[in-house]
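Straight from Swiss-Prot, the features:
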type	residues	note
BINDING	Arg20, Glu76, Lys115, Lys438	(6S)-5-formyl-5,6,7,8-tetrahydrofolate binding site
BINDING	220-225, 239-245, 264-267	GTP binding site
BINDING	Asn220, Thr239, Ile241, Thr244	K(+) binding site
BINDING	Ser224, Thr245	Mg(2+) binding site
DOMAIN	210-370	domain 'TrmE-type G'
Amino acid sequence: MNTIFSRITPLGNGTLCVIRISGKNVKFLIQKIVKKNIKEKIATFSKLFLDKECVDYAMIIFFKKPNTFTGEDIIEFHIHNNETIVKKIINYLLLNKARFAKAGEFLERRYLNGKISLIECELINNKILYDNENMFQLTKNSEKKIFLCIIKNLKFKINSLIICIEIANFNFSFFFFNDFLFIKYTFKKLLKLLKILIDKITVINYLKKNFTIMILGRRNVGKSTLFNKICAQYDSIVTNIPGTTKNIISKKIKILSKKIKMMDTAGLKIRTKNLIEKIGIIKNINKIYQGNLILYMIDKFNIKNIFFNIPIDFIDKIKLNELIILVNKSDILGKEEGVFKIKNILIILISSKNGTFIKNLKCFINKIVDNKDFSKNNYSDVKILFNKFSFFYKEFSCNYDLVLSKLIDFQKNIFKLTGNFTNKKIINSCFRNFCIGK
C-alpha cells in the first residue's frame, strides 16, 4: 500500500500542527529531513531540513509496526502551525511519492491489517460524531467487548449448526433425535443473541437520529411565543401584528440528553399579496417532510375549522409525522389548561403567554422523543436478518438441504457485520464517513 499522510489538527490559527504519516517508506522520509537517529516510541526534538535549510524545530515520534494504529510504520511531526512551513513539508512528502490520505483511510488500514472489526469502526465513528452521555456509555470499551462477544457467539453457533447438518446430510442413519433437539436449541439461542444485538443497535440508531420539532399554524396564534418559552430564549420576535415571522427560525435544544432542533415557522395562509410571506409559507410546507413532530397551533377551540384556509397538500404531508394540536390563548377563551384526545389526536389547551402548562407539554414531547421505535428504517440489515431467522426457526423442518443453504446465507450476513465477508464497495461506504486524519 502507498505511503499516506494527513494533517490531523484543524486548519486555522493555533500554536501546533500535527502531520501523521503511515506506510512502508516512512523511515526513508525521516532520514532525508532529520539529522538525528529517531528511536521508536520516544519523542525526539530535532531540526527539520529541506534543501539544506532548517525550516523549523519539530517534535518527532516514530511508531514501528505492527504495534501501531494502522499496523504499519507511523511517524508524527509536531511542528509550529505556520502555513508556509506546513506547505513546505507537505510538498516534500508529495515529491517523495507519499499522497494525501482519504477520509477515514487510517482506520481503514487498521481494519485491512486485521487490527479491528467493522463493528468497532462503527462504534468509533459514533463516539466522534454524536456528543452525548448516552452515546458515550454505549460506545465505551466495555460495551464494545459485549458487541464482539455476541458476534463471536453467533459465529460459533452457526458453525456448529452447519457441521451438524452436514453430518446429517452425509449419513442420516446416525443422526438421532437428540441431535435434532440440539439443532432446535441452538436456533433458539441464536434468536436470543440476535435480539440482544438488535436492542443495542436500536438505542445507538435512536441517539444518532436527528429529531426535529416544527411549530405550525395560522398567523398570530402564538407560535413565536411558544417557541421562545420552550427554548428559554427570545430568538423569535413577538408582536400582536399578524405575519411577524417571515422565515423559519431554528434553535437546537437538549431533551433527555438528545439534541432536538426546534423550528418556528411563518403563519400558514393560502391568499396573501405579500411575496415574502408567500415564499415563507412555501418553505414551511416543504420543510414538513423534515419534521418528526408537528405542534399545530390554533387559537379558537373549533375542531371543525382546525385546518381551514390552509394549502391543500398540507394534510397529506402532516400525516407522515407525529402530531399534537395546541389550542392556545386558553386564558382568553376562558378555558382551563388541560389535555384530551379526539380520534387518537392529542389536543392540549395551553396559554403560551402565561407558560404554566409548558412543563406538561415538554413531558409529552419527552415521551415521543424517548420512543426508540420511532424510526422504523434504522438497523435494517440486522432487523431483516432477525425476521428471516425467526421465520426460519418457526418453519424449521427436516429438509436439511434447504436448512443448510439458508444457514450459509445467514453466516455470510453475519460475516458482513464483522467485515470477514465483504467487498470494496462495502468497505468504502463504511470508512468515507470518517473525518480526514482518522
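Glycine is treated like the rest: Cβ placed from N, Cα and C.
Confidence over the domain 'TrmE-type G' (210-370), given as mean pLDDT on the 0 to 100 scale, stands at 71. Residue pair Asn220 (GTP binding site) / Lys115 ((6S)-5-formyl-5,6,7,8-tetrahydrofolate binding site) shows a Cα separation of 60 Å. Here Ala266 (GTP binding site) is positioned 52 angstrom away from Glu76 ((6S)-5-formyl-5,6,7,8-tetrahydrofolate binding site), judged by their C-alpha atoms. In sequence order, Thr70, Gly71 are the residues near Lys115 ((6S)-5-formyl-5,6,7,8-tetrahydrofolate binding site), counting only same-chain partners six or more apart with C-beta under 8 A. In the three-state DSSP reading, Asn220 (GTP binding site) counts as coil. Between the alpha carbons (Cα) of Ser224 (Mg(2+) binding site) and Ala266 (GTP binding site) lies a span of roughly 9 Å.
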